Amino acid sequence: MVEVADTAVRAGLSGPRHPADPARRREARAGYGLMSPALLLMVAVLALPLAALIVLSFWTQSGFTLDRTFTLANYWRLIAPSDREVEWMGLTFRLAYPVPAILIIKSLVMSLTATVAVILLAYPMAYFLAFRVHRNKAAWIILLTVPFWTSYLLRVFSWKVVLGYNGAINSGLMSLGIIDAPLEFLLYNPAAVTITLAHSWVSFIVLPIYVSLEKIDRSMLEAASDLGDSKWKRFRRITLPLSMPGTISAALLVFIPTVGDYVTPELVGGPGGTMIGSLVQQLFTKQNNAPLGAAVSLVMMLIIGAMVLIFLTLIGYWRMRARRAA
Amino acid sequence: MTGGWGFKTYAILFIAFIYGPVLMLPLFSVNDSNFATFPLAGFTLRHYADLWTQRPILEALGNSVRIAAGVSVLATVVAMPAAIAVTRFRFAGKAPALAFMMLPLVVPSIVMAVALLVIVLRFLGIPLSLWTVAAGHVVVCLPFCLSVLVSRLEGFDASLEEASRDLGCAPMQTFWRLTFPLALPGIISSLLLGFIISFDEFVIAFFLTGTENTLPVYLYSQLRFPNSLPGTLALGSLILIASTLLVVLAEVIRRRGVTSDNPGDI
């Protein structure tokens, strides 16, 4: 929702520095005092568990015994080379244990595809809402937000009902006589996962984009028209660059959680559509190798973090361009 | 409304896309068949009637409601003073502290789930239970509750509070007599959103629950059995209807009495 994106973006901007006079110090103490319950909770339930996960990733598990000597073995296992070649989608992996590397690349590609699809789908809708809807805006906004707040599990499951072997599309087409046998390629593949991910997140992202469009000073658009810009040129030179920072931060809020998504690949992915989240789950349960699972999840977070830094650099770039356009 | 039919058509298609698949669940839940297939066979409510006879569903429902209620209250109580600090105080390190509190938004829930699993089982040796689920849910809800409260507190003038202090009110008095009533719509909507998020959350509950199920965990366990599909559809539809009602309620309450200049502030 929009406040969430707004607050998240604001958190990234640092405030002005203040001189250390007593009044300021009192204010700081009061501020931290008020924040302390929330901060303590975050430390106890997020920061400490993540620290525990990091510690565990430097230990090793064999069978039921956990070896607590510090080692990089789990991380080494993820990149250890081997003579054996594994082919996947035209890429050759010379790794002793290629599964995590392949799944991470696959998850990043699927998640990026879903993110791009979400932005392309949501942007025109947000544009329509910002520039063309003048009455009942609130109703439109509620209509667009409600799906995001309904159960994620059920939204994903609904795609199984739609795309399944005995699903709505197959049975519908068969009862209309268009096909004779169910289409098997609809479900249990990366495309089904990507469509479902895009569908799950698209209603979350219209509002942040809408806000960044709504904040654009209309007089700038009028000025562009008065100076002879065509509609398309005006969009390309003013609307698009000015809405880009909001759009990119919206994209981040889709990309980051979807890479590690567990429910969607489990329900609609089948064997071909698994993602990195499923591997983490298996390492922690069936394969009983929590330390390796910890290393895989931390590497995944690091890679996501690195990609987010690239995204944020892009935001900086667009901000600069927007300022120049303004 | 001005301008092309193109945009309007797109908007209608967009709405159809986001609602279409989800609406299949209630559609097939009242279909007189054990499969979710076309053509529709006829109207029935028997799948709903069957739900009330199943103890596991009622137990899971009870667990979910208890967790969601506790979580939404705790998250809101903790988020409220933090939101005041964010909107009313200026101090160094505020932005990083806020970023830290928004972190659960960007940590994939499976990572949060396994991290909690590790500390609970391997470091603290506490058995898994509904309590461990609730702990995870509080943190998931916090960024959402905080955002709603921050936007509400920004929606009215902080000088009202200054005036109250100047007139000799103690900080707590100012809070209860001024800030709290003005922020009430935000507080209620934070409670409702916290409830919905916890009630619908699956991944953390799946990893951190002991022997007892929450409703989404129970539902997930049923998804793989084709025999239980009609019951799953009926249960899913009820959950969808309940969440929708709560969300719309939360939004309507939050909109009441605010006229905000902030675009998109709904």
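If you go along the chain as it appears here, the first residue is 1 and each next one adds 1.
Glycine residues also receive a Cβ, built from the backbone N, Cα and C atoms like all the rest.
Caution: TrEMBL annotation is automatic and unverified by curators.
If you look up TrEMBL, you'll see B:61-251 marked as domain 'ABC transmembrane type-1'.
Annotated transmembrane segment per TrEMBL: B:12-30 (among others), in sequence order.
Summarising the annotation, TrEMBL assigns transmembrane segment to B:67-86 (among others).
Taken from TrEMBL, the feature transmembrane segment covers B:98-124 (among others).
Residues or ranges marked as transmembrane segment by TrEMBL: B:130-150 (among others). Distant neighbours of the transmembrane segment (B:130-150): 63, 66-68, 70-72, 74-76, 78-80, 82-83, 86-87, 101-105, 109, 112-113, 116, 120, 183, 186-187, 189-190, 193-194, 197-198, 201, 204-205, 208-210, 212, 214, 254; these residues of the same chain sit at least 6 beyond its ends, with a Cβ under 8 Å from one of its Cβ atoms.
Annotated transmembrane segment per TrEMBL: B:182-208 (among others), in sequence order.
Sequence-distant contacts of the transmembrane segment (B:228-250), counting only residues of its own chain at least 6 positions beyond either end whose CB sits under 8 Å from a CB of the stretch, comprise 22, 25-26, 28-29, 33-36, 47-48, 50-51, 54, 57, 188-189, 192-193, 195-196, 199-200, 215, 219, 222. Taken from TrEMBL, the feature transmembrane segment covers B:228-250 (among others).
When Cβ-Cβ distances below 8 Å are used as the criterion, the transmembrane segment (B:12-30) is approached by residues 36, 40, 43-45, 47-48, 230, 233-234, 236-237, 240-241 of the same chain, each at least six residues removed from its ends. Same-chain residues lying 6+ beyond the ends of the transmembrane segment (B:182-208) with a Cβ under 8 Å from its Cβ atoms: 64-65, 67-69, 71-73, 75-76, 79-80, 109-110, 112-114, 116-117, 120, 128, 132-137, 140-141, 144-145, 148-149, 151-153, 155-156, 160, 214-217, 220, 239, 243, 246-247, 249-251, 253-258. Outside the transmembrane segment (B:98-124), and at least 6 residues removed from its termini, the chain residues within Cβ reach (under 8 Å) are 82, 86, 132, 135-136, 139-140, 142-143, 146-147, 201, 203-204, 206-208.
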